[in-house]
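See below for the structure under consideration.
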Amino acid sequence: MLVAAGFLAAVPAFADKPNVVILATGGTIAGAGADVAKSATYQAAKVPVDKLIAGIPTLGDVAQVRGEQVFQIASESFTNEHLVTLGKRVAALAKQRDVDGIVVTHGTDTLEETAYFLNLVVHTDKPVVVVGSMRPGTAMSADGMLNLFNAVNVAASQDARGKGVLVTMNDELNSGRDVSKMVNIKTEAFKSPWGPLGMVVEGKNYWFRLPAKRHTLNSEFDIDKIETLAPVEIAYGYGNVGDTAYHALADKGAKAIIHAGTGNGSVSNRVVPALRELRSKGVHIIRSSHVNAGGFVLRNAEQPDDQYDWLVAHDLNPQKARILAAVALTKTNDSKELQRIFWEY
Ligand SMILES: NC(=O)C[C@H](N)C(=O)O
């Protein structure tokens, strides 16, 4: 069962404090290891949200906090159905007058996908903050406690409103649109290719820039009108690549294939004929780049997108491009419209 929503925990606080709801989905921030030395070998998604909240008594000084256990999973197991369920819950809470901000605790493996998804589909200017940790709470120097404390502070603050979905990891305030997991073993794991929006230090936000792309209230996508996401898959580009994966994904019903390309989103000449054939059968081909520090793919760079009617993901990495395509295809199948959406979001 996907949903186990329900009131689970509350931290006593003064009535004049902002109301923050923590939606817990699992991940390492809810992880547990066999002993304090186990910072990397542990089990994710073990600790319930009431225990996470109880572990940070100072949260009560910041906000009236209550928790809901939406899922208890490692984030690599997130599906489109999880995204839609979570998005609808965030949107419903954001409409409540007695909710000032929302925190989503999440595994870090797909945190960047969920944060971008919520940024695209939840119509609110209230702070929505997605947070995880790289070490379980049972480990020495666990990072989840401070990350969650920061997230609640940001969700409770007026100055975080209208900035889109945010991610608080390692004291940085990053846009959910831009941020990506860059390394899997350090607490400084999340970076945005265009830099953080700000810092959160000792419960205070320090802002340096604003998101330029459309999000939340200014988005044409609305989770209240979305029941299912379009099937979009990713295939990886590398030396000696063949076209088997592309054909297999299309045969299984992919409406779009994100080409996680080399360099400029380049496509091997061993693959080009297959992609042209799939496009002629109606599958959208979206070129992105899997370069580590952030790609930048332009139309007609390396491949004649205008001639082939392919799309480019611009600076979105393959997994974020999948999210945008899966959302956008719920509204349009027109390639010009889809390309406009990729420039605007
Ligand atoms: N650090 C983490 O949270 C990793 C974990 N596999 C997850 O994404 O749930």
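The backbone N, Cα and C atoms fix where each Cβ goes, glycine too.
Positions annotated as active site, O-isoaspartyl threonine intermediate by TrEMBL: Thr28. Classification of Thr28 (active site, O-isoaspartyl threonine intermediate) by DSSP places it within a helix.
The active site feature in TrEMBL is assigned to Thr28 (among others).
DSSP assigns Thr108 (active site) to coil, not to a helix or a strand. The active site annotation in TrEMBL covers Thr108 (among others).
Residues annotated as substrate binding site in TrEMBL: Ser75, Thr108, Asp109. Counted within 10 Å of its Cβ, the other Cβ atoms near Ser75 (substrate binding site) come to 25, all protein chains included.
What TrEMBL records for 19-206 is domain 'L-asparaginase N-terminal'.
What TrEMBL lists as domain 'Asparaginase/glutaminase C-terminal' is 232-342. In the domain 'Asparaginase/glutaminase C-terminal' (232-342), the DSSP tally of helix, strand and coil residues is 40 helix, 21 strand, 50 coil.
Neighbour list (Thr28 (active site, O-isoaspartyl threonine intermediate), Cβ cut-off 8 Å, at least 6 residues apart, same chain): Tyr42, Ala44, Ala74, Gly107, Thr108, Gly132, Ser133, Met134, Arg135, Pro136, Gly144.
Sequence-distant neighbours of Asp109 (substrate binding site) (same chain, 6+ apart, CB under 8 A from its CB) are Gly27, Ala74, Ser75, Glu76, Lys181.
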